[in-house]
Amino acid sequence: MRRELLSFKQIVYLLILFITGSTIILPVGTEAKQDIWAAVILAIVMTVPMVLVYARILSLFPERNLLEINEQILGKIVGRFINFMFAFYAFTLCALVLDNFGQFINVTAMPETPLAIPMVILCLLALWATKEGLEVIARSGEIYFPIIVFAAAFTFLFLTPNLNIQRLQPPLHQNSEGIVSAALHLFSFPFAETVIFMMIIYSSKKTKAMTKVYLAGLVIGGAIILLSVTSVMAVIGPERYQATYFPAYLAVQTINVGDFLQRVEVVVFLIAIFAGFTKISLCFYAACKGFSNALGCKEYPFLAVPLGLLEFLFAANLFNNTKQMARWASEVYLYFAFPFQVALPLILWIVGEVKQRGRQGSPEVDLHDESQG
Amino acid sequence: MTKTAPAGLRRNIRKSGPTSTTEKPTSAQGQKFNCSLGSNLKVIKKVLQNDGLVIYRKIRLATTPLRHCYVIYVDGMVNGDLLNENILRHLLNYDVRVPAQVPKMSFSDVLMNRVLSTGSVQKDGSIDSAIQSLLYGNVLVLVDGIPYAFVIDAKGWEIRSISDPETERVVRGPREGFIENILTNLTMIRRKMINPDLKMVFREIGTRTRTKICIVYVEGIARPEILEEVYRRLDKVQLDGVLEPEYIIEFIRDAPLSLFETIGTTERPDTAVGKLLEGRIVIMVDGSPFAITLPYLFLEYFQANKDYYDNFFYSSANRLLRYISFFLTTSTPAIYVSLVNFHQEMIPTRLLVSIAAAKEGVPFPAAIEAFIMLMAFQLLREAGVRLPSPVGQAVSIVGALILGEAAVTAKIISAPMVIVVALTGISGFIVPEMPGVSFFLSLFFLFACSFIGFFGYIFAVIAVTIHITSLRSFGMSYLSNLTSIHLQELKDTAVRAPWWWMTYRPRLLSRDKRRLADPGRTEL
């Protein structure tokens, strides 16, 4: 099988795009109200150990991604079953993000266009990108990244006159429950979703790089989220933040520079689609890889077309309306994602450590394993 | 020895004679010259029958025993002076009976060394290849009793003089351009790089035209893997005729169905040498003033050779201008249509009012309007290119009047649309190497936008990005310099850095990466 090698920088960019992907358009951490910044920071802090576990698992088995590691340490049958579960998670996540963007476009810009149109186009594009391979997704990410940074910087600059620091007050006032709850939600969406990356990347000879890659992506992506949600909160305040489906859109609507540059929200969120698309195609790629592994196939591209069409149908029928989507995100997703984001990685980590210890004890086994790989 | 041998051979020829008439006339494949002048001549004449340009000149040589020889050449393709002075005259005058200074010399050696006084004389035993070289403008000398032909290089035909390259004019920089003759073109390259590392490898392509091509590269800079790949792909080309590099390009390029070119062409020797110095490979094709350069990356659309001859601030500004105009030429109609049709709220109110006033009475929706005008612009451009220049001017005046003024007054097209299409067209001329790409892209974007506005535009951009990132040119990623934020690479991509600062060649392209021995400028 042809190995697709990504550079350090490419993975970090992909992580940042993945984390910011659909997060910047959705109302995340509503429970924390004006203390949303604290919730984001807490969520990042909570994610760090988890991310270290992900990186550690990959580092324990160099040149292997999660799917191959599962197969190696859990045996063929159990490993493939777990891989199937992970693939299903990636598949679901992809459908959720697709649905988010479909709803977003439908609600904000084109209420008369059927929801399915943008979704099917995004789905076909993700399918195509997946067929072309991970390098194409990564290189597209390299193109999108500077555009997004540029747009975000300008948006923030233009938003500064509308920032009202009073909307963030009183800080940390009898709100610890809300902060923790919001942080938990933020942990599961988007930060710990980076577990998907384990299915895609693998550590090369330099084992430490994995930790660095994951931490760099998490911290930079987290900082962007922190900046964006805090400024959105400071512009529209906690009540409107809670009341709307797409608060950032509402915040950007207030931009008005000299009565000339106004109502630019469409342009801003067009650029958010770049990040969303990267997230969709990465999830879809991971799903293709996972399912092909679960089916015992070496190659994945043949799965792209049938799985892509299935993905579209799944996403289109996932929710009846935006309210349902928001409820699912706030009440169910946390528990749905928990096994994939926390439980399974922890188990894998422990099993992996034990197995690797055993291997180091007996060099013959080590040699044997090397020849297999 | 000369008297006995021919008889048997003559019989052989006679035996093969009737069979060869049933085959195609050019059936000298694999045949060798023999010692009989008559039979050799017969074979050649049979192959070249009905070719009125070939001239056979019979000469009696002053030898004992008496021998005849034939001088054969193609009229108009040889240098007359050379033929008369150095070949015919010496053959007629030289008395071989006069004892040679070196008595052990055989007769053919005497001819080669003392009679035929031209730069290149070669012996050729195969009739087929001798005829090849005859048709390429060489002179053949056949002598009785010698089982091979002397091939004398006396090429000299009329060629166009070197002139300003039409397609890549510059204000400052060398004024010479390639011409149709491959040898002249190669000397132009050679004169710019006086270095034994500059290699030129000849090939022949085209089963019928047998066109000469030459692969030029600089050893030590060009990457051997790319060179090997070029040879491998050239070996697979099965064409019967090559008249222009495009014939070969379409065979050897990556992604043959892509809109984006993955192999470049240039008409300028200085550009060709510049690309050679970056580690690229240049292929010259006989009969065309365009050289192939490869690998070709997306960025090269935006790198004009004049960038390197002008002040670097000015060049950098120009380069940025080219990026902007690429964006404008592909996206202006699409953005205008989505603004007017879908996102009116983004247009400042006063502007919106004036656009609405201009659109009043126009029967078409904005997307159709834009499509009509883009097509009309392409028609005008194409008409202008084909026609001789005085007529071309008339076309442009008529086009400007009718498409601009009259169409607006007649309320067929709204005035802002004329501005939009004019902007699209003018920006398209700033990146002249990609007319096809930008036109198709603008249509594609327009199509996408006419249905779902800006979202269509962004989806189209994503599609183009996926396609363009999946492209490769001879193993190199098509965007390899664009997607990096290396300071070293930005020096010749986003801007054009001063020459003393561009320490390295393009990273992935070349083997010897260092361009300057000492980075920076020595203090004066």
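A Cβ is built for glycine as well, from the same backbone N, Cα and C atoms used for every other residue.
In TrEMBL, annotation is done automatically, which means it is predicted and not curated.
Feature annotation from TrEMBL assigns transmembrane segment to A:12-30, A:36-57, A:77-98, A:104-129, A:141-159, A:179-201, A:213-236, A:266-288, A:300-320, A:332-351.
Only pairs six or more apart in sequence are counted, and the transmembrane segment (A:300-320) with the transmembrane segment (A:12-30) gives fewer than three Cβ pairs under 8 Å, not enough to call it a contact.
Of the Cβ pairs linking the transmembrane segment (A:36-57) with the transmembrane segment (A:332-351) and spaced 6 or more residues apart, 3 or more are under 8 Å, so the two regions touch.
For the transmembrane segment (A:104-129), the most Cβ-contacting stretch among A:12-30, A:213-236, A:266-288 is A:266-288 (pairs under 8 Å). The largest share of C-beta pairs under 8 angstroms with the transmembrane segment (A:77-98) comes from A:179-201, of the ranges A:141-159, A:179-201, A:213-236. Remote same-chain residues near the transmembrane segment (A:213-236) are listed as 8, 11-12, 14-16, 18-20, 23-24, 28-29, 34, 36-37, 40-41, 43-44, 47-48, 51-52, 54-55, 152, 156, 159, 162-165, 167-168, 186, 190-191, 194, 197, 201, 244, 247-248, 250-251, 254 (criterion: CB distance under 8 Å, separation of at least six residues from the stretch ends). It is A:266-288 that, among the stretches A:179-201, A:266-288, A:332-351, forms the most Cβ pairs under 8 Å with the transmembrane segment (A:141-159). Counting same-chain residues at least six beyond the ends of the transmembrane segment (A:332-351), those with a Cβ under 8 angstroms from any Cβ of the stretch are 50, 53-54, 56-57, 66, 69-70, 73-74, 82, 85-86, 89, 92, 96, 184-185, 187-189, 192-193, 195, 198.
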